[in-house]
Amino acid sequence: MTIMRKKHPLLKLINHSFIDLPAPSNISSWWNFGSLLGVCLMIQIMTGLFLAMHYTSDTTTAFSSVAHICRDVNYGWLIRYLHANGASMFFICLFIHVGRGIYYGSYMLLETWNIGIILFLTTMATAFVGYVLPXXQMSFWGATVITNLLSAIPYIGNTLLEWIWGGFSVDKATLTRFFAFHFILPFIITALVLVHLLFLHETGSNNPSGLNSNSDKIPFHPYYTIKDLLGVLLLLMVLMILVLFFPDILGDPDNYTPANPLNTPAHIKPEWYFLFAYAILRSIPNKLGGVLALILSILILAAFPFLNSSKQHGLVYRPITQFLYWIFIANLLILTWIGGQPVEYPFTTIGQISSILYFTIIVVLMPVANMIENNILXLH
């Protein structure tokens, strides 16, 4: 069997990726989230496939088909809630994975990092089009508001908007194409994940110390397969607690009302994992400015490798930048909270301050902290 796994063209590929892969001996549990994201992706594709068998993308029947899945299909309620809450778990793992990358300086693996940003954007797009599919109140109005942002693009905005809608509002054509996008995007994500891993295995994993670990590598199996398995069990436990005890805690009550184009919900807001970006979008009074800030809030991640001038890898031995990092995380949580609040004082002001702070920490404060820390190093 050993010879088989090392010689067979297909098994050799799997062997070099998951079995005989040389991994640093000191990577912590923060490195578990990559494999957890893989598990989340598999759960989403499998549950999504079964949901697609019973879902209809017509505006007149979409809401009823989701109700039919929950009421009449064997374990349909379970599949539906696994899919909905699985998306939340996906984004929790994604945020931690990116946060770990920033903390430990993994962004210096340029290709892996950039593919990761593309993956992040693709996952956000998938989640957005998926949220529209039940054709309920918040789905409909969320789709209307977010797609409407395209009209802020000069000259071609309105034409582009009507082209994406397939009409003059979110209607049957929109729902059908969003279903098509939602079906194909996870497979594109899977392909991108393979490219992500390909680039990662070219350089090898980063590790908490930030030092070169080539002199101290251990095989991925059995050490990290067992470690990842523990993470997977914990993830599934949290997911099942969510699904079986609090299935609607992360959803919106408005989504249990069929879409009504004549009645606008009091507070239109996206799913919780988009709230930080939504808060940044809302904090700028100008429409085009808001859209640019929204896009930049994610694309700013691509600037990390170029803004980093530190002589040390990662933030483990850099207290000033470490302090800024945790302020940044706290600020992100504040933005998430603000995104779910109505547009009124004091929420708007807090949102504007947090949005400014979000970009200032990354573009100004962290590079300055890098320089200060480099000077402190030079003094010793």
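Cβ coordinates come from backbone N, Cα and C, glycine included.
Annotated features, as they stand in Swiss-Prot:
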TRANSMEM  33-53  transmembrane segment
TRANSMEM  77-98  transmembrane segment
BINDING   HIS83, HIS182  heme b b562 binding site
BINDING   HIS97, HIS196  heme b b566 binding site
TRANSMEM  113-133  transmembrane segment
TRANSMEM  178-198  transmembrane segment
BINDING   HIS201  ubiquinone binding site
TRANSMEM  226-246  transmembrane segment
TRANSMEM  288-308  transmembrane segment
TRANSMEM  320-340  transmembrane segment
TRANSMEM  347-367  transmembrane segment
Binding-site residues: HIS83, HIS196, HIS201 - member with fewest neighbouring CB atoms within 10 Å: HIS201
Cβ contacts of HIS97 (heme b b566 binding site) (under 8 Å, same chain, 6 or more positions away): PHE33, GLY34, LEU37
Contact call for the transmembrane segment (226-246) against the transmembrane segment (113-133), three or more Cβ pairs under 8 Å: no
Residue numbers, six or more beyond the limits of the transmembrane segment (77-98), whose CB comes under 8 Å of its CB atoms: 30, 33-34, 36-37, 40-41, 43-44, 47-48, 50-51, 66, 69-71, 116, 120, 123, 127, 130, 235, 238-239, 242-243, 247, 250-251, 271-273, 301
Ranked first among 33-53, 178-198, 347-367 for CB pairs under 8 angstroms with the transmembrane segment (113-133): 178-198
Count of other CB atoms lying within 10 Å of the CB belonging to HIS182 (heme b b562 binding site): 22
Distal contacts, the transmembrane segment (33-53) - CB-CB under 8 A, six or more residues away: 69, 79-80, 82-83, 86-87, 89-90, 93-94, 96-97, 100, 179, 182-183, 186-187, 189-190, 193, 228, 231-232, 235-236, 239
Secondary-structure category, per DSSP, in which HIS97 (heme b b566 binding site) falls: helix
